[in-house]
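Colleague: Feature table excerpt (Swiss-Prot):
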- 9-144: domain 'MPN' (DOMAIN)
- Lys180: ubiquitin cross-link (CROSSLNK)
- Lys204: N6-acetyllysine (MOD_RES)
- Lys214: N6-acetyllysine (MOD_RES)
- 281-324: region 'Disordered' (REGION)
- Lys316: N6-acetyllysine (MOD_RES)
- Lys317: N6-acetyllysine (MOD_RES)
Amino acid sequence: MPELAVQKVVVHPLVLLSVVDHFNRIGKVGNQKRVVGVLLGSWQKKVLDVSNSFAVPFDEDDKDDSVWFLDHDYLENMYGMFKKVNARERIVGWYHTGPKLHKNDIAINELMKRYCPNSVLVIIDVKPKDLGLPTEAYISVEEVHDDGTPTSKTFEHVTSEIGAEEAEEVGVEHLLRDIKDTTVGTLSQRITNQVHGLKGLNSKLLDIRSYLEKVATGKLPINHQIIYQLQDVFNLLPDVSLQEFVKAFYLKTNDQMVVVYLASLIRSVVALHNLINNKIANRDAEKKEGQEKEESKKDRKEDKEKDKDKEKSDVKKEEKKEKK
């Protein structure tokens, strides 16, 4: 495998399904907080394409993070069988269900470097609480300290995304069609997505606040790259105290409120129009029903009169016969 830096990691849906199945089979039954496995895929320049995976027996001590076990004999046997099926898929890294980094991840990553020099760690959250991607990719790098102390291993975040081939897209669409709730409207879905998005934004802001507090108290070293990126984010924020911004915000809010007010008026007029039409239709129906009843009464009355006239004529004929 070429010794190239990773710029992006593409995870296929098959990997996500395999990891969730692994966690449901082992994590819940064995009361394990996380499960570990191996990622298979290929390199395309600086993009890592993770197309397959398999589980690996793993155990660790809850109290001591330095005590852990990963069955590399099982790993080698499984990889040998996978290689017979598809020789293009190679070991490109490993995964665990996190949901965050652990202290012993560096040591596990060093073990995985025996099979893959540029081993990539992908944390897959099987129980996501916020709306967004359930994957986080990392690669180990040497961190140089400003105080002259020896370098140390640390993880650097890598951009990750979900990608699929045509066959996988068809399968995912089929699964989503089966579990999709057709009773939920598009408006409620949009509102739900916005609420989840705001919750995700709130959690990210809390993480930034926690990081800055730890840096300020000296619990974490200063990372100038992170500080510069946060400064860029703050520079992009609008100045809410600026008079022009306040005026523009009020104008836009008023315009939106006018649209909502007009929409409410239109709905009221349409509802009133429908009510009037319904009342007219009911009145016409009652009038038509009354006319039909009167016509039926007249027909019955005429029939009775005809019957009486017929009886009288019959009686007269009989009287004439008797006289003769």
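Using N, Cα and C of the backbone, Cβ positions are placed for all residues, glycine too.
Show me how these features fit into the shown structure, please.
Modeller: Helix, strand and coil residue tallies for the domain 'MPN' (9-144), in that order: 37 helix, 49 strand, 50 coil [DSSP].
Look at Lys204 (N6-acetyllysine): DSSP puts it in a helix.
If you draw a 10 Å sphere around the CB of Lys214 (N6-acetyllysine), it holds 12 other CB atoms from the protein chains shown. Annotation note: Lys214 (N6-acetyllysine) sits in a helical segment as assigned by DSSP.
Around the Cβ of Lys316 (N6-acetyllysine), a 10 Å sphere holds 10 further Cβ atoms from the protein chains shown.
According to DSSP, Lys317 (N6-acetyllysine) is assigned to a helical segment.
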Colleague: Just name the winner among Lys204, Lys317 (the modified residues) by count of other CB atoms within 10 A of its CB.
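Modeller: Top count of Cβ atoms within 10 Å goes to Lys204.
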Colleague: Sort the modified residues Lys204, Lys316, Lys317 by C-alpha distance from Lys214 (N6-acetyllysine) and give me just the closest.
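Modeller: Going through Lys204, Lys316, Lys317 one by one, the closest to Lys214 (N6-acetyllysine) is Lys204.
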Colleague: Just to be sure I understand, if DSSP states are collapsed into helix, strand and coil, how many residues of the region 'Disordered' (281-324) fall in each?
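Modeller: Split into helix, strand and coil, the region 'Disordered' (281-324) gives 43 helix, 0 strand, 1 coil.
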Colleague: Could you measure between Lys204 (N6-acetyllysine) and Lys316 (N6-acetyllysine) for me? Cα positions, answer in whole angstrom.
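Modeller: Checking the Cα atoms of Lys204 (N6-acetyllysine) and Lys316 (N6-acetyllysine) gives a distance of 109 Å.
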